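A short worksheet on the structure shown next.
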There are 2 protein chains.
Amino acid sequence: MTRLSELGESAVLRRLLAHRRAGSHEVVGPGDDAAVTKITGDLVSTADMLVEGEDFTRDWLDWSRLGVKAAAQNLADVCAMGAAPHGLLVSLAVPDSTEVEDLEALFAGIVTEAERAGRELGYAVPIIGGDLSSSGLIVTAITALGTVSAEEGAFTRSGARPGDGIWLAGTLGRAAAGLDLLFAGARPEDDLPEGLASLIATQLAPQPDYAAMTHRPVASAMIDVSDGLSTDLGRIADASGVHAEIDRAALDELVAPLRPAARYVLAARAAADANPTDDAVEALALHWVLDGGEDHGFVASSPVSAADPVGWRRIGEMQAGSGVGLDGAPVPTSGFSHFGK
Amino acid sequence: MTRLSELGESAVLRRLLAHRRAGSHEVVGPGDDAAVTKITGDLVSTADMLVEGEDFTRDWLDWSRLGVKAAAQNLADVCAMGAAPHGLLVSLAVPDSTEVEDLEALFAGIVTEAERAGRELGYAVPIIGGDLSSSGLIVTAITALGTVSAEEGAFTRSGARPGDGIWLAGTLGRAAAGLDLLFAGARPEDDLPEGLASLIATQLAPQPDYAAMTHRPVASAMIDVSDGLSTDLGRIADASGVHAEIDRAALDELVAPLRPAARYVLAARAAADANPTDDAVEALALHWVLDGGEDHGFVASSPVSAADPVGWRRIGEMQAGSGVGLDGAPVPTSGFSHFGK
């Protein structure tokens, strides 16, 4: 193992860039003041950071999966606009004492996820630029770029209308369950009850269902669920001036697989060997599905009430009114917020 | 003063976004999964971070100037490609305990510099998106986007030819002098010899000469000097397969104003009240001009040998060969590198 401080910036950069494949639209690649790429349509852009101590800790750091997560959360935002990813700019700050193999794993994780998105969508999603810095904390700061045709435009949050169906692609609650498992002391390498390791994997390296974008419903609004269904559906409801009513029964298939994890977490939290009640297990599993972010499932509203598009399930309906409901009961929007509120 | 942890993310974001002015090309602004902007030509993109403890310390932190610096280093990279800035994506990570007024000053500094660039170039350069995170360290991660016409293309580093003149817009060495002054204990608020405070100001908040882009020479290659003239001119020489010969006399006007700072720094470094020699003063001032980055001066090579364009001074000539020279003597390329090499 070799520390970055033994190699210096140029050598480290060469090691990282060896993992990169150039996009076919690349005119000027890394190594100049800026990259130049051919682009068609309107530009879609978004940026997201992951910060050590805030979004992950050294206790459960997996460099490769951190790269996957950093790329996934940005690519999901681009896809949630109905846009085609154009490429990523990757800024990484890590301590001098970092081993170059770990930094390479981080970068390769980003490349891997961008390439997975590209495979699912049918074209390459390259890393087109970025920056590398020394830092006391590990920070990833990624900008994802994409394009939409100027005629079709982007899918924003404000187009939902009463009567539209609500569809979900991907999963909900798995990453939140994984996070509570990590907080409860579970680790991927432990001998865990079946299925729990894969929930932790979703927390560490979410896998948005980019393929669903290739057969998405004709959407009036769309969002990626990064802060929880309740919060993100609430954002659509607010922006569109509608009420989003969730059908509890439609969530069953999402809640059921989380029960073993809920039982594990509640038992770990309880004093001695107290046995969690079925009601408590059910409540926690439902809480993860309703309020947990970071799976990066896609939620779309659509006026088209045909059969569910492949990869999408109908989970509710937009109605006149405001806020979010679950079988008639109001759902508080309780998603994640930085700075302790 | 109000700490971020008392306000929460949404309220903080509202405070920041109040400083922002939307661009005329904006289709979807902040508050959705991603921004959408109208764009024409090829896309130019670059990203740069500033990290507490690496690029600045709390000892001399000025939030507003940090914002100016973060914007300037990114905008200069876009301009050095011959591109028109399109907008910035601004990711900021700061501690929970940060006062919202300080974070606002940081964001407003970024807006101010983008607007200064816009004024000098003749159109608005907006903040089009970004991210905000809690963090143990202050980190800015900015992506600057720009455009070049597909026909004209970008100014890369590889087009310089023997016989081309070398032109400079802006300054060299001022930020490096400012940094050594800070390391020597000088502070902007101290009662310093005349001119020294403005050198520190250049280190804290460089002011690239964006206006020079409106009457730049017909360039065969261009770069912004972020790591020092020797290193950055060496990059053009390497990429173009030429030798860059600097005319020492042409640097006189850059070296002379740095002598008082060199004298101050050498005296501060010396034991007791030792008096630095004129030779030592001259050597340090020249070192700052040759090897100091962060003023973000622009260096261009051009085959056109007409009178100097307004705002540009001729500082040398490209020749057959390799490397960088100063009046015939080889100049080591000694620019800044992360990770201690």
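Glycine is no exception: its Cβ is also placed from the backbone N, Cα and C atoms.
Small disclaimer: the values here were computed from a predicted structure and weren't measured.
Straight from TrEMBL, the features:
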{"type": "DOMAIN", "residues": "A:31-148", "note": "domain 'PurM-like N-terminal'"}
{"type": "BINDING", "residues": "A:Asp33, A:Thr46, A:Asp77", "note": "Mg(2+) 4 binding site"}
{"type": "BINDING", "residues": "A:Asp33, A:Asp77, A:Asp224", "note": "Mg(2+) 3 binding site"}
{"type": "BINDING", "residues": "A:Asp48, A:Asp131", "note": "Mg(2+) 1 binding site"}
{"type": "BINDING", "residues": "A:Asp48, A:Asp77", "note": "Mg(2+) 2 binding site"}
{"type": "BINDING", "residues": "A:Asp55, A:Glu294, A:Phe336", "note": "substrate binding site"}
{"type": "BINDING", "residues": "A:Gly130, A:Asp131, A:Arg157, A:Ser226", "note": "ATP binding site"}
{"type": "DOMAIN", "residues": "A:161-249", "note": "domain 'PurM-like C-terminal'"}
{"type": "BINDING", "residues": "A:Asp227", "note": "Mg(2+) 5 binding site"}
The residue listed as 'Mg(2+) 5 binding site' - helix vs strand vs coil (DSSP): coil
Listed binding-site residues among A:Thr46, A:Asp48, A:Gly130, A:Arg157, A:Glu294 whose Cα sits within 10 Å of the residue listed as 'Mg(2+) 5 binding site': A:Glu294
Helix, strand or coil at A:Gly130 (ATP binding site) [DSSP, three-state]: strand
Pairwise Cα distance for A:Asp55 (substrate binding site)/A:Asp131 (Mg(2+) 1 binding site) [Å, integer]: 20
Binding-site residues listed as A:Asp33, A:Asp131, A:Asp224, A:Glu294, least Cβ neighbours within 10 Å: A:Asp131
A:Asp77 (Mg(2+) 4 binding site): secondary structure state under DSSP, collapsed to three categories: helix
Cα-Cα distance maximum in Å, computed over every pair in A:Gly130, A:Asp131, A:Arg157, A:Ser226 that the record assigns to ATP: 32
Binding-site residues (A:Asp48, A:Asp55, A:Asp77, A:Asp227), the one with most neighbouring Cβ atoms at 10 Å: A:Asp77
Alpha-carbon distance [A:Ser226 (ATP binding site); A:Asp131 (Mg(2+) 1 binding site)] in Å: 25
A:Asp224 (Mg(2+) 3 binding site): nearby binding-site residues from A:Asp48, A:Asp77, A:Glu294, Cα cut-off 10 Å: A:Asp77, A:Glu294
